[in-house]
Structure formats: structure tokens, C-alpha cells
Amino acid sequence: MHTQVHTARLVHTADLDSETRQDIRQMVTGAFAGDFTETDWEHTLGGMHALIWHHGAIIAHAAVIQRRLIYRGNALRCGYVEGVAVRADWRGQRLVSALLDAVEQVMRGAYQLGALSSSARARRLYASRGWLPWHGPTSVLAPTGPVRTPDDDGTVFVLPIDISLDTSAELMCDWRAGDVW
């Protein structure tokens, strides 16, 4: 068991050299046991990366990127969390909490709300940090117009920053390739 306290370092995608970017991708893909696609990787790019290193190796990662979520007719500026991963031999060391401290700092400084799509396993962690489960229907603003995303209902969590939200209302995300939420 590792007993040190870790702090995540925030780095924008534009400031990652190619070697570090490749190391992140390799670690995240390994942490997801290969269930991390090319589009999943693309979703992590273009924003801020929270990174934790140990002896030069990346052991934990989360990204926050800008998206628009449509809520009651308003396109809200959202910090969307992607690619939360901890190397297998470092799990259980509260590294995800350090990652979330960093991405939530970005959200508080730049966005109206934070959002993410959570695995069943992680929902309790997000709720314990003040994230709210979205109870209303979810959808995506696809190229053909709004499309319901019922498979994502119950997986979305939000962190209101400077806005009040009714979590039983409809919530729509912007379009992208791959998993839209």
C-alpha cells in the first residue's frame, strides 16, 4: 500500500508533449482493460488534464473539456469530465479524489456546471462530493435534431457551480462521435 498524499497537476492538452500524451493514453487504456476506444481518447483532448505521477510514470488521469449542455432552452457552459483512470497497482489510494479536486477547481473557475457519465461503481464517490445524479430524461442534439438517449438515463451526474438545476428536467448534450455522454 502506498501512503503518500498526492496532488494532481493541471496541464492543458496544448502543453502536453507527444511522449506524455502517449503515456497518458497508454495508462488510461490499460486502466480500462482495453475498453477505451479511439473516440474515447479524442473526447479527453482539448481541455485540462489532471495528472498524477510517481517516479516519472503517470499513475492517474482525468480530463475536463468544454461542452454545451442544453437545459430548459439554455446552452450552458459545461466542464465535462472524461478519462478518469488510475493505474491498477495504485487503486484504493484516494487518487481519484485528488483528480476530482483538480478538475472541480477548473470547473469553479470557468464553467456554469460540471457533468460526467458515471459507471455504477463510481456513483457513490461522485455523490459524496456533492455531484447530483440527473433523474430526468437525457438526449443529444444530433445533426438531425434532438434524440433521446435512454441508455444514458441514470448515469449522468452534474455539479452546479453558479446555477440552480432541477435534476428531474430534461438534459441534452451537444453532438460528438462515439459515446455522446
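Each residue, glycine too, has its Cβ placed from N, Cα and C.
Keep in mind the model is a prediction, meaning the values are calculated, not measured.
Taken from Swiss-Prot as is:
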- D35, E82, G83, S117, D151, D152: substrate binding site (BINDING)
- V84, A85, V86, R91, G92, Q93, R94, L95, V96: CoA binding site (BINDING)
- 11-162: domain 'N-acetyltransferase' (DOMAIN)
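Of all the binding-site residues in the record (G92, R94, V96), the one with the smallest CA separation from E82 (substrate binding site) is V96. Those residues noted as binding CoA (V84, A85, V86, R91, G92, Q93, R94, L95, V96) have their most widely separated CA atoms at a distance of 14 Å. Spacing of R94 (CoA binding site) relative to S117 (substrate binding site) is 20 Å (Cα to Cα, whole number). When the C-alpha distances from D152 (substrate binding site) to the binding-site residues V84, V86, G92, V96 are tabulated, the minimum falls on V84. Its Cβ placed at the centre, V96 (CoA binding site) has 22 other Cβ atoms within 10 Å. A Cβ within 8 Å of the Cβ centre of V84, A85, V86, R91, G92, Q93, R94, L95, V96, the residues given for CoA, is found for these other residues of the same chain: A60, W90, S97, L99. Confidence annotation: the domain 'N-acetyltransferase' (11-162) carries a mean pLDDT of 97 in the model. Using a 10 Å radius centred on the Cβ of V86 (CoA binding site) and all shown protein chains, the other Cβ atoms total 22. Here V86 (CoA binding site) is compared against the binding-site residues D35, S117, D151, and the shortest C-alpha distance is to D35. Long-range Cβ proximity for S117 (substrate binding site), meaning a same-chain Cβ under 8 A and a gap of 6 or more residues, is found for D152, T155, V156, F157, D179, W181. Checked against D151 (substrate binding site) by C-alpha proximity, the binding-site residues V84, G92, V96 yield V84 as the nearest.
Between the CA atoms of V84 (CoA binding site) and D35 (substrate binding site) there is a gap of 13 Å, rounded to the nearest whole number.
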